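Input: a single structure, listed below in structure tokens.
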Amino acid sequence: MSTFQHIKPAGKAQFKDRYTTKAAELLTPWEEGKKGDIAIIGAPLSKPSISHSGASFAPDAIRRCLNSFTTYNIERGTDLADDQKTIIDFGDISMHPTSIEESHQRIYESTKAATETNAAPFTIILGGDHSITTSTVKAIKETKGTVGIIQFDAHHDLRNTEDGGPTNGTPFRRLLEEGHLKGEHLIQIGIRNYANAKAYHDYAIEQGVTVYTMKDVRQQQMTKLIQKSLTQLDPQVDTIYLSVDMDVLDQAFAPGCPAIGPGGMHPDTLTEAVQTALQHQKVHTMDIVEIDPTLDIRDMTSRVASLLILNALTK
Ligand code: CA
């Protein structure tokens, strides 16, 4: 008998249960011609963040957290592994070390290339800070046509670009100003008190953006709010994009966000929202942004992101 029988490859789990499949085992590196149920691509950029951010570490953390989940959905009685569900993983976009504009260009080009492969009917972009969304939406517009966006966020992200250039406070402003998005095609959900300037709420209303505050979220059923949003966007756009800024969650559930705050959403409400939206045939893309794993506590915030990926796979 070999004396090496108790040595395992470095980095592998201590324990393997013969009946348990870890969700991370569903990740399949992309190859030409390979098809899957959903696709993921990492956009590890956080240099344009207004506040200190290590969101560039999030794509790795979110993938790693898939090891904390099994593939079995007890409520549905289904198993993602038994159903042979796969997550096509395009890997991470390599960023320019100093040029934010060049990095944004690479995110645009890579998102376009990834979605043009038609490797999966649904694509998830893992940020990164929220500045990436201008680039990804531009790419989706070119591959799928007119884009409608449902944005989950504590903030409008409609800041002027004169003060700081293309920061994580500006993605939707830039999309509107550059003509890639119409105001009436943007629905913001979860906007929070004392987290935005009046000028940006005024700008949102002027542009025809639909704004639902946290009070709206508390008073209306999330399922109904999403159905109303989908009904509003459906006749006007070719594709619907979900932009999930994790700081929409209350600080109690999202300690890993640079802009945490009280009065936010419960993860179950966000999960319900995304789950409802995923049933719609025009919902093809989602981004998950603003998780800084270096600030997170026991990967609490990244785990919510991993759960959203699994829900997308259960669609
Ligand atoms: Ca944001």
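Placement of Cβ uses the backbone N, Cα and C atoms for every residue, glycine included.
Positions annotated as Mn(2+) binding site by TrEMBL: His130, Asp153, His155, Asp157, Asp245, Asp247.
Here the features listed in TrEMBL are painted onto the structure.
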{"residue": "His130", "record": "Mn(2+) binding site", "Cβ neighbours (10 Å)": "32"}
{"residue": "Asp153", "record": "Mn(2+) binding site", "Cβ neighbours (10 Å)": "25"}
{"residue": "His155", "record": "Mn(2+) binding site", "Cβ neighbours (10 Å)": "25"}
{"residue": "Asp157", "record": "Mn(2+) binding site", "Cβ neighbours (10 Å)": "28"}
{"residue": "Asp245", "record": "Mn(2+) binding site", "Cβ neighbours (10 Å)": "27"}
{"residue": "Asp247", "record": "Mn(2+) binding site", "Cβ neighbours (10 Å)": "28"}
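For the recorded site, Asp247 (Mn(2+) binding site), the DSSP three-state label reads helix. Those residues of the chain, other than His130, Asp153, His155, Asp157, Asp245, Asp247, with a C-beta within 8 angstroms of the mean position of the Mn(2+) site C-beta atoms are Gln151, Ala154, His156, Asn168, Val248, Ala259, Val289, Glu290.
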